[in-house]
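Residues or ranges marked as domain 'F-box' in Swiss-Prot (evidence: sequence analysis): 1-47. Here Swiss-Prot flags 51-78 as repeat 'LRR 1'. Annotation comment: Swiss-Prot describes 86-111 as repeat 'LRR 2'. Among the features that Swiss-Prot reports, repeat 'LRR 3' is placed at 113-133. Annotation source Swiss-Prot lists repeat 'LRR 4' at 161-185. According to Swiss-Prot, the repeat 'LRR 5' annotation covers 186-211. The repeat 'LRR 6' annotation in Swiss-Prot covers 212-236. Annotated repeat 'LRR 7' per Swiss-Prot: 237-261, in sequence order. Look at Swiss-Prot and you will find 266-291 tagged as repeat 'LRR 8'.
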Amino acid sequence: MATLFDLPDLVLLEIFSYLPVRDRIRISRVCHRWKRLVDDRWLWRHVDLTLYTMRPKVMWHLLRRYMASRLYSLRMGGYLFSGSQAPQLSPALMRALGQKCPNLKRLCLHVADLSMVPITSLPSTLRTLELHSCEISMIWLQKEQDPTVLPLLECIVLDRVPAFRDEHLQGLTRFRALRSLVLGGTYRVTETGLDASLQELSYLQRLEVLGCTLSADSTLLAISRHLRDVRKIRLTVGGLSAQGLVFLEGMPVLESLCFQGPLITPDMPTPTQIVSSCLTMPKLRVLEVQGLGWEGQEAEKILCKGLPHCIVIVRACPKESMDWWM
């Protein structure tokens, strides 16, 4: 009977890739062959450290021993709600990531206090930066900062970053390579701030505005004014009306449009009105409707029949985050 030890290296590597980092390191002690496999560069391209309370000393060890030039994407957590004595992410650690991991392209930070970590310390190779439930300082993203910071940044996700406000949003305009912006629960951003910032971010190709205090109509108006080259839009339907849909009509290169519930707006456009507006968008190929209770209903049939050239997706809202800090 074949055992785990009889499997070829490629199969074992695939199995090991699903293991948490801690277990990966533990199995390296089983035998010399497994130790060699755990050291394989392929296994350390994408690392998720959010499952653990990762002390800085351990993080430094992982950085020196396993990750280094192999690392392509890193997901890690901080200690934002662990008390003032808890260790925090440091500028030195961020700079070391940049120096020792020249291939790092994606960094996702969760529940981290970045108020003492200047943005200038982040790795300059980043193309994607995600902040989830993080704390930032007032000057973290402001426009007056060094314009050469993160020259390759193409995508930034700001999810439940309570300090993020209009001034930070306007500071994003210095990232000339930026093409994708996701705002989730950034309740301090105003309609005026969004409009002013999008005017200078006219090169964006993807915009998501989810769970903010902005009305969908005002967001669509700002998009129609300034983002004529946008290819993907996703937004919550709060404050969406038929008039708001009119703002999107004729968008020349829009390929994907998503409306996300829950349905709390009294003036929500009918499926027929949505079809009518979508037919004016020559490049539209995907329409997605989430959390409006339309799945399996007449509304879904109207959308599918009215937009035969599109992939129409009608489904329930994605599950709420199960992160303990929420």
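Think of each number as a place in line: the chain as shown, counted from 1.
The backbone N, Cα and C atoms fix where each Cβ goes, glycine too.
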Let me spell it out: take the repeat 'LRR 2' (86-111), skip the flanking residues so only those 6+ beyond its ends count, and list any with a Cβ under 8 Å from a Cβ in it.
50, 55-56, 59-60, 63-64, 67-80, 117-118, 121-134, 157, 323, 325
Residue list, the repeat 'LRR 7' (237-261) vs rest of chain: Cβ under 8 Å, 6 or more residues beyond ends.
210, 214-218, 220-221, 223-224, 228-231, 267-270, 273-274, 277-278, 280-293, 317
Under DSSP, the repeat 'LRR 1' (51-78) has how many residues in helix, strand and coil?
15 helix, 5 strand, 8 coil
